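Feature annotations, courtesy of TrEMBL:
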- 88-113: transmembrane segment (TRANSMEM)
- 120-151: transmembrane segment (TRANSMEM)
- 163-188: transmembrane segment (TRANSMEM)
- 209-229: transmembrane segment (TRANSMEM)
- 262-284: transmembrane segment (TRANSMEM)
- 296-315: transmembrane segment (TRANSMEM)
- 321-340: transmembrane segment (TRANSMEM)
- 347-365: transmembrane segment (TRANSMEM)
Amino acid sequence: MSKFIHLIFKTNLNRNLFFVLLSILIFLLSKNFGMFDDDILFGSRMGNHLYNNSIFDWSMPISFDPGHPPFLGTILALFWHIFGHELWVSHFAMIPFTIGFFIQLHKFIAYFIKEIKLQFFAFFLVLADPSLSTCLVLVNIEIITLFFFFLSVNSLLYEQKKIQFIGLFFLSIVSFRSMMLFAGICLFEVLYRKLLQKEALKKIITLKFIVYYLAASLPAFIYVGWRFLEKGWLQTHTNSPWKSLWHFADFNYFVRNSMVLIWRYVDFGRIFIILFIIISFIIYGKKIIANAKNKLLLLLAISSVIFIISTILIVTNTVGIRYFITSYICLNLFAFLLLIQFYKHKKLVFSILFFGLLIGNLWIYPAPISTAFRATLGHVPYHSMRLEAIDYLNKNNIDVESVASFFPNYTTLDLIDFSGDQRSFLKFTGVEKYVFYSNIYNLTEEELKSLHNNYTILKEFNNFNITIKIYILKVK
């Protein structure tokens with residue numbers, strides 16, 4: 001095992017070749033996974049608009065314009081023009097960013113851990129996080145964001161200002177969330193140099209520093225300014241389907257958001273990581289803080305997402321589990337550092353942490369508690385099951401356009417699987433004759449009650465922990 005690890009991780013060439021092969025393997029395993037959740041909007045809808053018009057036509061139709069820069073859509077449209085408008089091409093477009101992320105993740109780990117064997121195990125402990133590993137198998141903006149984020153952070157740590165500028169430049173235009181991560185890196189640099197390198201603030205926040213970050217953030221400022229001039233609004237408008245998500249939270253909602261935030265950090269097996277960190281602080285608190293690199297990791301885990309957290313807590317939007325992946329990565333690596341610094345039974349503890357994260361993919365909460373399937377590999381069987389269920393509808397002459405469903409399934413079939421099928425499910429209202437349901441759709445109590453009271457199961461599909469049911473309205 002040790003010889004194998006040293007073989008693939010010892011030289012840059014071998015290591016990068018391993019990352020390329022790993023990325024290709026992930027692509028081959030996931031190339032048939034349909035567009036999912038928000039990626040239907042950010043990838044398919046926005047990408048199709050650019051593909052059918054121009055990759056420079058960033059003015060989205062008001063009917064589905066979320067305000068975010070169509071960065072993912074632009075990349076997909078470009079790849080579709082070159083290789084064809086196919087689902088596999090969409091996944092293929094993610095390979096460069098996956099490879100880049102793997103390289104930057106290893107470089108980040110290597111800053112804290114010098115021993116090759118330990119780098120290997122730290123790398124896979126980080127990848128075991130369900131929210132991160134799910135990003136690797138779906139077409140999404142997260143893996144793009146993570147690549148530019150760690151390119152920027154690594155360049156800061158290794159003092160490569162030109163490369164850091166490139167990373168920040170692109171990070172500022174991926175999405176509004178990436179813009180907040182950009183601000184988090186800026187804050188991290190100030191705190192890192194002030195608290196750990198003991199520099200004076202006046203030496204840190206200089207005219208050169210300000211100009212550097214302003215220049216790197218030009219894409220964000222240009223995009224936001226253009227949107228206000230072109231549209232007159234940034235993220236929501238009077239008839240926006242997302243308008244209700246962007247109100248200021250009252251005290252009760254603030255408390256709710258705070259509780260959900262804590263839940264996100266312990267969800268899907270991360271409870272093992274968090275408990276291990278807490279126990280370690282209780283036992284070795286002063287020794288942990290005495291280590292500069294430990295403090296650096298904790299500082300990055302907090303500062304990188306502080307602007308996202310501050311925003312999420314005070315609005316009525318959903319506290320998305322994917323919003324904090326950069327923080328999860330830092331905390332997982334921090335837990336690994338504590339393990340190798342203070343514990344004797346390293347293999348046992350590592351196994352608990354590693355398999356705890358893997359088992360986290362199996363966590364499903366009973367309805368009506370929402371499970372963030374978008375951030376767990378537990379949803380994977382759904383993709384093939386969905387096609388099987390649609391095939392059942394077709395074979396039994398049940399018109400898809402007369403069947404109700406739920407988010408994210410009530411959309412044009414082609415937007416999900418690139419089949420060319422322009423039919424679409426209806427949005428469930430409780431009066432439709434047929435209903436297409438899966439336990440990955442997070443329904444309200446009222447919707448669940450309506451299904452239970454007014455419908456019977458016509459056909460059921462099961463695969464591991466995922467269920468799809470075709471309901472038919474009861475005859476009264």
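Keep in mind that glycine also has a Cβ here, set from the backbone N, Cα and C atoms.
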Could you tell me what the rest of the chain brings near the transmembrane segment (88-113), counting residues at least six beyond its ends with Cβ under 8 Å? 9, 15-16, 19-20, 22-24, 26-27, 30-33, 35, 43, 47, 75-76, 78-80, 119, 122-123, 126-127, 136, 139-140, 143-144, 146-147, 150-151, 153-154, 157-158, 293, 297, 329, 333, 336-337, 340, 418
Residues of the parent chain within Cβ reach of the transmembrane segment (321-340), under 8 Å, 6 or more residues beyond its termini: 105, 108-109, 112-113, 118, 121-122, 125-126, 128-129, 131-132, 135, 142, 146, 149, 177, 181, 184, 264-265, 267-268, 270, 273-274, 276-277, 280, 284, 288, 291, 293-294, 297-298, 300-302, 304-305, 308-309, 312, 346, 349-350, 353, 357, 372, 374-375
Are the transmembrane segment (163-188) and the transmembrane segment (262-284) close, by which I mean at least 3 Cβ pairs under 8 Å that are 6+ residues apart in sequence? no
Other same-chain positions with a Cβ less than 8 Å from the transmembrane segment (262-284) and lying at least 6 residues past its termini are 129-131, 319, 321, 323-324, 327-328, 331-332, 334-335, 338-339, 342, 349, 352-353, 356-361, 363, 372, 375-376
